[in-house]
Amino acid sequence: MALITLRQLLDHAAENGYGVPAFNINNMEQGLAIMRAAAATDSPVILQASRGARSYAGDIMLRHMVEALSEMFPRNHVVLHQDHGNNDATCLSAIRHGFTSVMMDGSLEEDMKTPASYDYNIEITARVTRAAHAVGASVEGELGVLGSLETGEAAAEDGSGAEGKLSHDQLLTDPDEAVDFVMRTKCDALAIACGTSHGAYKFTRKPDGDILSMDTIAAIHDKLPNTHLVMHGSSSVPQYLQDLINANGGEMPQTYGVPVEEIEKGIRMGVRKVNIDTDCRMAMTGQFRKVAQSKPDEFDPRKFMIPAMDEIEALCRDRFERFGTAGRAGKITPVSMDDMAKRYASGALDPQLAANQAA
Ligand SMILES: O=C(CO)COP(=O)(O)O
Ligand SMILES: O=C[C@H](O)COP(=O)(O)O
Ligand SMILES: [Zn+2]
Ligand SMILES: [Zn+2]
């Protein structure tokens, strides 16, 4: 069963004005739950694996797992995407292992802790994009550093997060720089920084425009209306999942995520890919805790996994519906990576300047 590329899917999303959640996976249960939600809503799917996921499950396992999922759910086209690639080797080895899309995150240096210079980011993203496009794979770049506008810090628990204090300038993508970045790197999608951060502890209160800058997205979209924007750190950290965890022995301090209605607003302003990991983790952990707490004699792992999968499925269904992904799967005719490579080579997929940006 052939996977599709991120570029093909996001072009379709842009033409039809919808967004696509990109869910992180590490194991079969997460994959099954996401695909069941996609099947129930007739949605195309982005499954993404971090470097941590690749070392947890193994590249061969991940590839065959995703191939198996796409064989089980043939109607729901799947993109397999590398999340936060830190260098050429991570991105190219992902493609060798069947990924159809990679994120080259040059906003940070290879250690994924040190904010990188603009020149470094341009150079590595352009280089990876040339190599990926030669074989038809898609590339997401990142400009601006993910982190909290409240504290100036990136989430400590995350595998890819800046260390130290970040300035407001670093935390908000500059729209003019974004135009230059996309034109010079030719990346297919652009992750932007607007005050979201990875993990559960994004905001200490329900975010307003001071700490979640949707205006930044609007300004970038105004200058780059043809570029697919990506929102990272876009879990909503729903109260019901915090409550589920805490009612069953958890001790998560009160926290706030990105409200789904802000993401819906973003989708109207050119956001096409919405990264979600924490919400699915919380759904799974909440149900594990509930089973452990309510049935202390239970020892069959499936009795933990089944409600966990149901909880993830419900969350994913909601996001597919609210982002407008639902009902789109049947409308996509897969384009092979070889054909995508030819389209790139012809220049047909080169980034387009907006009319208001032409020299
Ligand atoms: O951005 C993400 C993965 O790249 C995930 O973000 P969350 O931690 O908000 O789920
Ligand atoms: O980018 C962050 C994702 O949530 C992946 O996290 P991870 O590196 O712990 O797998
Ligand atoms: Zn990043
Ligand atoms: Zn991310």
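One is the number of the first residue shown, and numbering goes on along the chain from there.
Glycine residues also receive a Cβ, built from the backbone N, Cα and C atoms like all the rest.
No curator has checked TrEMBL annotations; they are predicted automatically.
The active site, proton donor feature in TrEMBL is assigned to D83. D83 (active site, proton donor) falls within a strand when secondary structure is assigned with DSSP. In sequence order, A22, N24, Q48, A49, S50, R51, A53, M103, N275 are the residues near D83 (active site, proton donor), counting only same-chain partners six or more apart with C-beta under 8 A.
Other C-beta atoms found within 10 angstroms of the C-beta of H198 (Zn(2+) 1 binding site) number 24, with every protein chain shown included. The DSSP secondary structure for H198 (Zn(2+) 1 binding site) is coil. Positions annotated as Zn(2+) 1 binding site by TrEMBL: H84, H198, H232.
The local packing around E142 (Zn(2+) 2 binding site), expressed as other Cβ atoms within 10 Å of its Cβ over all shown chains, amounts to 27. Classification of E142 (Zn(2+) 2 binding site) by DSSP places it within a strand. Per TrEMBL, the feature Zn(2+) 2 binding site maps to D105, E142.
Feature annotation from TrEMBL assigns dihydroxyacetone phosphate binding site to G199, G233, S234, S235, N275, I276, D277, T278. When Cβ atoms from all protein chains are considered, those within 10 Å of I276 (dihydroxyacetone phosphate binding site) total 26, not counting its own.
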Restricting the recorded positions D83, D105, G233 to those with Cβ under 6 angstroms from ligand 3 leaves D105
In three-state terms from DSSP, label D277 (dihydroxyacetone phosphate binding site) for me. coil
Where's the emptiest Cβ shell within 10 Å among the binding-site residues D105, D277? D277
Could you tally the C-beta atoms, other than its own, that fall within 10 angstroms of the C-beta of H232 (Zn(2+) 1 binding site)? 26
Just to be sure I understand: of H84, G199, G233, D277, which binding-site residues have a C-alpha no more than 10 angstroms from the C-alpha of E142 (Zn(2+) 2 binding site)? H84
G233 (dihydroxyacetone phosphate binding site) versus H198 (Zn(2+) 1 binding site) - Cα distance in angstrom: 4
